Amino acid sequence: MTDLCSEPIRLVGGASRCEGTLELKRTEWRPVKGPDWFLMEAAVVCGQMKCGSAVSVQTRENSSVSSVWWISSDCVRPGYPLTECASADVSSSILDVTCLDSVRLVNGTSLCSGGLEVKTSQFNQIWSTVCEADFDQQDAEVVCREIGCGPPSVLQGALYGEVEAPTWTAEFQCGGTESSLLDCRRSGSVRNTCSPNKAVRLTCSEPIRLVGGASRCEGTLELKLRTWRPVSASGWTMQEAAAACRELDCGSVVSMGTRNDSSVRQVWEIQLSCLKSGYPLRQCASSSLLSSSSQSGTILELVCTDLLVQPIISVSSSDGVTGALQSSSAGVFQGSSFTISCSIQPQYPGGSFQLSFNSSNTTHSYTQPASNHSAHFLFPAAEPAHRGSYRCVYDVHVFSHNFSSQSRVLTLRVSDPTVFIIRLVVLLLSLLIFISVIYCSHKTTRGQQTVAQKNLDVGGDEVREVMEEQEEAAL
């Protein structure tokens with residue numbers, strides 16, 4: 001098998017070695033034609049060329065037919081040489097690929113997540129990790145924008161794989177508006193306080209949106225691969241529409257429609273099999289020209305429900321114990337009555353709350369209609385059987401669909417009040433003994449001081465008497 005370090009591929013005609021027309025050499029250098037190439041395939045090319053993150057791939061039509069290497073997208077995968085996938089062909093269609101040359105995210109669940117690496121030099125092609133102490137939210141905003149993703153959603157330090165990579169030693173000082181990370185100011189001094197193998201791990205949101213509707217969850221679906229464009233409606237069903245609504249954090253799909261727009265010339269075509277496999281829209285998109293005579297000329301419009309806010313769960317009891325709204329656990333005394341309350345911020349009228357209970361050996365659920373966006377579940381006497389995990393589930397029917405949202409889990413402890421009383425008595429007795437010891441110790445110390453003072457006074461009188469007798473004898 002071909003050594004990937006010397007893989008005969010290149011990008012030509014671009015502003016850098018990481019941008020341009022994709023060419024491959026077997027017997028000779030030829031451009032590559034790739035049917036159904038998407039950002040995932042471009043990312044493989046960028047990785048084999050030791051470039052940064054893939055930001056775009058598109059098919060370009062030449063004015064004339066020429067010899068090309070035909071490479072199926074099904075054959076393109078990390079660790080496998082492209083030369084093994086190529087076959088000779090003639091075509092006017094060729095591939096243009098754009099990779100970044102200084103920043104990339106690696107080993108992530110998508111092209112918008114992973115461990116952050118920067119290239120220390122354009123000459124030695126060495127990639128370095130970034131220490132979490134040298135990177136903040138504004139730096140993350142610049143990176144996410146540079147790699148073509150949405151705003152950062154998760155920024156954390158994490159163990160970076162199994163192999164210790166070189167670490168970038170200067171602190172980034174981005175303002176948040178720079179176009180690339182290396183445009184940011186950097187600290188002049190080298191920092192040596194980074195923990196071993198501790199590196200930045202970043203997750204950016206996907207660059208999709210709905211525009212022109214009454215809310216952020218309604219309108220024309222648009223996707224960004226360097227530029228914002230509408231999405232073609234060709235082949236879409238409610239299943240794909242539901243996936244788009246989930247990716248937008250907009251709950252479930254309510255309706256899907258199409259429209260023609262004569263002002264739009266280019267759209268993003270989505271490979272539906274890729275989307276059904278669970279990949280984000282951005283990784284399944286390719287550029288396409290609108291055609292007024294076919295379905296591919298229609299633009300997709302979606303209506304999703306706004307994502308329901310998370311219900312709040314809390315507990316209160318007759319003995320005065322109240323579970324804080326942000327706490328994950330609470331306790332009540334055995335025999336006391338307690339109430340678990342479920343509530344939600346007003347969004348839609350009606351609905352119901354289901355309180356689910358789980359313990360090591362049983363499961364129960366209780367349901368009440370929502371009244372003023374809340375429900376209260378009363379338990380007359382707490383028993384050991386009530387120990388376990390509780391969760392509120394809010395259900396509502398709107399737009400001819402059912403929607404639900406779950407609260408966090410609340411762990412309930414049931415304590416025996418007798419044990420509490422014994423502990424309280426032991427505590428009070430211990431406190432009383434401690435106070436008594438302190439008092440006796442203080443009293444003994446005061447007594448010793450008094451005796452010493454008396455002895456001092458007696459000794460002083462005797463000295464005075466001796467001195468007076470000596471004075472009389474001298475006279």
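One is the number of the first residue shown, and numbering goes on along the chain from there.
Including glycine, each Cβ sits where the backbone N, Cα and C put it.
When TrEMBL is consulted, the disulfide partner of CYS184, picked from CYS174, CYS204, turns out to be CYS174. Cα spacing between CYS75 (disulfide bond) and CYS284 (disulfide bond): 16 Å, rounded to the nearest whole number. Remark: secondary structure over the domain 'SRCR' (9-85) totals 16 helix, 35 strand, 26 coil, with classes taken from DSSP. When the disulfide-bonded residues CYS85, CYS174, CYS184 are compared by Cα distance to CYS284 (disulfide bond), the shortest distance belongs to CYS85.
Separation of the C-alpha atoms of CYS274 (disulfide bond) and CYS174 (disulfide bond): 36 Å, rounded to the nearest whole number.
Neighbour list (CYS174 (disulfide bond), Cβ cut-off 8 Å, at least 6 residues apart, same chain): ASP136, GLN138, ASP139, GLU141, VAL142, LEU181, CYS184, ARG185. Counting residues per DSSP class in helix, strand and coil order gives 22 helix, 42 strand, 34 coil for the domain 'SRCR' (208-305). For the domain 'Ig-like' (311-411), residue counts in helix, strand and coil come to 3 helix, 58 strand, 40 coil, using DSSP. Counting other C-beta atoms within 10 Å of each candidate's C-beta, the disulfide-bonded residues CYS274, CYS284 are led by CYS284.
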